[in-house]
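What Swiss-Prot annotates here:
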| type | residues | note |
| --- | --- | --- |
| REGION | 1-98 | region 'CH1' |
| DOMAIN | 6-99 | domain 'Ig-like 1' |
| DISULFID | CYS27-CYS83 | disulfide bond |
| REGION | 111-220 | region 'CH2' |
| DOMAIN | 118-217 | domain 'Ig-like 2' |
| DISULFID | CYS141-CYS201 | disulfide bond |
| CARBOHYD | ASN177 | N-linked glycosylation site |
| REGION | 221-327 | region 'CH3' |
| DOMAIN | 226-322 | domain 'Ig-like 3' |
| DISULFID | CYS247-CYS305 | disulfide bond |
| TRANSMEM | 348-368 | transmembrane segment |
Amino acid sequence: ASTKGPSVFPLAPCSRSTSESTAALGCLVKDYFPEPVTVSWNSGALTSGVHTFPAVLQSSGLYSLSSVVTVPSSSLGTKTYTCNVDHKPSNTKVDKRVESKYGPPCPSCPAPEFLGGPSVFLFPPKPKDTLMISRTPEVTCVVVDVSQEDPEVQFNWYVDGVEVHNAKTKPREEQFNSTYRVVSVLTVLHQDWLNGKEYKCKVSNKGLPSSIEKTISKAKGQPREPQVYTLPPSQEEMTKNQVSLTCLVKGFYPSDIAVEWESNGQPENNYKTTPPVLDSDGSFFLYSRLTVDKSRWQEGNVFSCSVMHEALHNHYTQKSLSLSLELQLEESCAEAQDGELDGLWTTITIFITLFLLSVCYSATVTFFKVKWIFSSVVDLKQTIVPDYRNMIRQGA
């Protein structure tokens, strides 16, 4: 999915009960990409009673989340509540005023409910679970905002259109806004998920006008193997107490991938990995940054970036870096440069030697040629000049 700003919808109770001292106001932030999005209330002035739920990745590839604030019922209609949404990747800022449109309070009015009733979300298995045979991949179906009046939820699961019955439904959990959250988990086979089988969760509840169906599967398309590069700390960062080791993973498809760090065989936990970002060629890339104490880096500890993806051989690869490896690389580069200079000087020396030999040879040949010509001229003069002394004697 390309960068997309969110749509923002205010959520408010449609009635007020005299038995309820508080009311819940909500803000639905829908259909945005990529993460993250920031939600505040009254420009950050209202923080008490605020709860923002984690973002949910929809089957469309876009994210949605909701934020709820609990306020005194008596303040509805007299105070203003505004939901402030900021999505920096798309440079989108939205301010939505949440207003409760209710009639006179009456004892028989039900407790405030969210508009639309229960919502259903379907989550894929974690990439690491689908790529390691020792782990168990699961597809998870989550139903939220289930009312106390109709708490029973029925789940039906289908794999490629065929109903299956091995899913497990967890006990419902009561939420802070007096609704229930119900979760059903379906265990799937590794190869079924990787081969693109389609999983459907069908949810039925009396609070719904009709059943809700959600479908999910692995992204279609030819898998592409990721390229992994590790980057040491910059020289500027070496002045600080902690340094950053970076792992660049690029060129992979689909976006399902797992990245972890370890050192000397032990896992490292102080790292952050960006969500996969769609590149111009249709593949994805991401960065993972591990933060370590500078002393550990200077001691020569080896740190490894481990990548798991379906297009890799055995679904796994690892790239390591350490100060000693970087020094060896620098020494190798220096030796290569020295070797290149040595070769250059050798070439120059040979050229100069050959040039001097050529000059000497040419000078020697020229010298002998000049000497020969000079000797020939002298001999010729001696032969041609007449002997005037004999001629005078003969005349006398």
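Even glycines carry a Cβ here, placed using N, Cα and C.
Rounded to a whole value, the Cα-Cα separation of ASN177 (N-linked glycosylation site) and CYS27 (disulfide bond) is 14 Å.
Cα distances from CYS141 (disulfide bond) to the disulfide-bonded residues CYS27, CYS83, CYS247, CYS305 are smallest for CYS27. Across the fold, the C-alpha of CYS83 (disulfide bond) and the C-alpha of CYS305 (disulfide bond) stand 40 Å from each other. Cβ neighbour count for ASN177 (N-linked glycosylation site): 18 (other Cβ atoms within 10 Å of its Cβ, all protein chains included). Long-range Cβ contacts of CYS201 (disulfide bond) within its own chain (separation 6+, distance under 8 Å): VAL120, LEU122, VAL139, CYS141, PHE155, ASN156, TRP157, SER184, LEU186, GLU213, LYS214, THR215. Reported as a whole number, the C-alpha separation between CYS247 (disulfide bond) and CYS27 (disulfide bond) equals 36 Å. In the three-state DSSP assignment, the secondary structure recorded for CYS201 (disulfide bond) is strand.
In this structure the C-alpha atoms belonging to CYS27 (disulfide bond) and CYS305 (disulfide bond) are separated by 39 Å.
Note: CYS305 (disulfide bond) has non-local neighbours VAL228, THR230, LEU245, CYS247, VAL259, GLU260, TRP261, SER288, LEU290, GLN318, LYS319, SER320, LEU321, i.e. same-chain residues 6+ apart with C-beta under 8 A of its own C-beta. Residue environment of CYS247 (disulfide bond) contains 25 other Cβ atoms, counted within 10 Å of its Cβ in all protein chains. Secondary structure counts, DSSP: the domain 'Ig-like 3' (226-322) has 12 helix, 53 strand, 32 coil.
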